[in-house]
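Here is what TrEMBL records for this protein:
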- 34-427: domain 'Amino acid transporter transmembrane' (DOMAIN)
- 37-57: transmembrane segment (TRANSMEM)
- 64-87: transmembrane segment (TRANSMEM)
- 122-143: transmembrane segment (TRANSMEM)
- 155-175: transmembrane segment (TRANSMEM)
- 181-202: transmembrane segment (TRANSMEM)
- 260-283: transmembrane segment (TRANSMEM)
- 303-327: transmembrane segment (TRANSMEM)
- 348-368: transmembrane segment (TRANSMEM)
- 374-395: transmembrane segment (TRANSMEM)
- 407-431: transmembrane segment (TRANSMEM)
Amino acid sequence: MTMEAGGEVGSRKADGDEHFEGVEIPETAHLISRDSWAQAAFVLTTSVNSVFVLGYSGTIMVPLGWVPGVLGLIAAAAISLNANVLIAKLHEFGGKRHIRYRDLAGHIYGRKAYSLTWGLQYVNLFMINTGFIILAGEALKAVYVLFRDDHVMKLPYFIAITGFVCALFAIGIPYLSALRVWLGVSTVLSLVYIVTAFVLALRDGLNSPARDYSIPGDKTSKIFTTIGATANLVFAYNTGMLPEIQATVREPAVKNMLKALYFQFTVGCLPMYAVTFVGYWAYGSSTSSYLLNSVSGPVWVKALANISAFLQTVISLHIFASPMYEYMDTRFGITGSPLKFKNLSFRILVRGGYLTVNTLVAALLPFLGDFESLTGAISTFPLTFILANHMYLMAKQNKMPSLQKSWHWLNVCFFGCMSVAAAIAALRLIAVDSKTYNLFADL
């Protein structure tokens, strides 16, 4: 057992064939090195085609317009793929598998960077999960309104129901690798709401008069919404927990993870592009931040799509909450059978408490687009772009030419500036919306 800056508990030799016997893995209470690259690819594809895709027509295309929106999504995909590949290639840097983002940062920079990275990642995942709960609450409310539009049940009530269901799922699924069949269920659910939104929006667009695609707002608001939309662009593709997902992949971990990433950024992105572009084409600048609120069609079809969106969100949230669950389980030695009374009661207390806080924040400030922008600004930019380029620069600086070093430094500086600008824009949006709506708003 060895202890290292940023290490969690200790380390052990990796399971597997002899070629990888020299690679050490930190101690963890969760199962690792078990999954195929295909399962990791489905985890990544689940994240990129989560219910957030139903908002990109309104939160990305509306503030940017056709040309900047399309080019921005393509450019963000290329830049995000490059940054994620850099992180994946550092997974076994220094002869040790870095199964947590903070472990990798701690190995390269030291203990302070370990703590800072953990803080950034925690904020990133907390905000993403808050957004998931808001979206799932909106989906449930949409189902209710289809059958009883009496305003008796408000959005905060549906958010509370969502939090309870997410807690039940979190208690029942002990770790990320245990999702397995649920990833297949998630894929089916994603196809249901994406295909439904696509077909209904396409039908509306074909039967509607000319749409207005002008960017709404005055000059000042356009500047801030455009900056906020750039944060949404990178939010769309990145998890902020790539090492944690890569930890579940069997050896060779780097090669297998690269396969998963290439799948995510090619085939995996196609459904997102389809529903985002068709949604904006059909409704123009009036597109809702939740596309199923804009479409028209049979009640039962819209209800099925919204229920699918709700259920898929429960699964997606579990993925993004798993680093926190792994930390707590490892910290308090929760090992052995998931059904042991100690382990089950621990999950009820800790995971239930964590999701209670998530749910409360979601109900207090249910401004979805603002949360996407703020998350992209204060955590996705630093974790995925600034840290990825700088860590790779630090790890490989003696083996790369000066031109490549300059490229990585350019990325660090550019995305540092973008992070600051996007954070200011997002905070302004939240301040404006907070004046427009009360706490626990029924949006």
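Just so you know, glycine gets a Cβ as well, placed from its N, Cα and C.
Counting only same-chain residues 6+ beyond the ends of the transmembrane segment (303-327), those with a CB under 8 A from a CB of the stretch are 8, 28-30, 43, 46-47, 50-51, 54, 100-101, 121-122, 125, 128-129, 132-133, 135-136, 139-140, 142-143, 146-147, 162, 165-166, 169-170, 173, 175-176, 179, 182-183, 185-186, 189-190, 192-193, 196-197, 239, 241, 244, 292, 347, 350-351, 354-355. Remark: the transmembrane segment (260-283) contacts the transmembrane segment (64-87), by the rule of 3 or more CB pairs under 8 A. Remote same-chain residues near the transmembrane segment (37-57) are listed as 131-132, 135-136, 139, 176, 179-180, 183-184, 186-187, 190, 193-194, 197, 232, 235-237, 239, 245-246, 248-249, 256-257, 259-261, 263-264, 267-269, 271-272, 275-277, 279-280, 283, 287, 289-292, 309, 312-313, 315-316, 319-320, 368-369, 372 (criterion: CB distance under 8 Å, separation of at least six residues from the stretch ends).
Sequence-remote contacts of a segment are chain residues at least 6 beyond its ends whose Cβ falls under 8 Å from one of its Cβ atoms, and for the transmembrane segment (374-395) they are 79-80, 83-84, 86-87, 89-90, 93, 101, 104-105, 108-109, 117, 120-121, 123-124, 127-128, 131, 228, 230-235, 238, 240, 405, 408-409, 411-412, 415-416, 418-419, 422-423, 425-427, 430. For the transmembrane segment (155-175), the most Cβ-contacting stretch among 64-87, 122-143, 181-202 is 122-143 (pairs under 8 Å).
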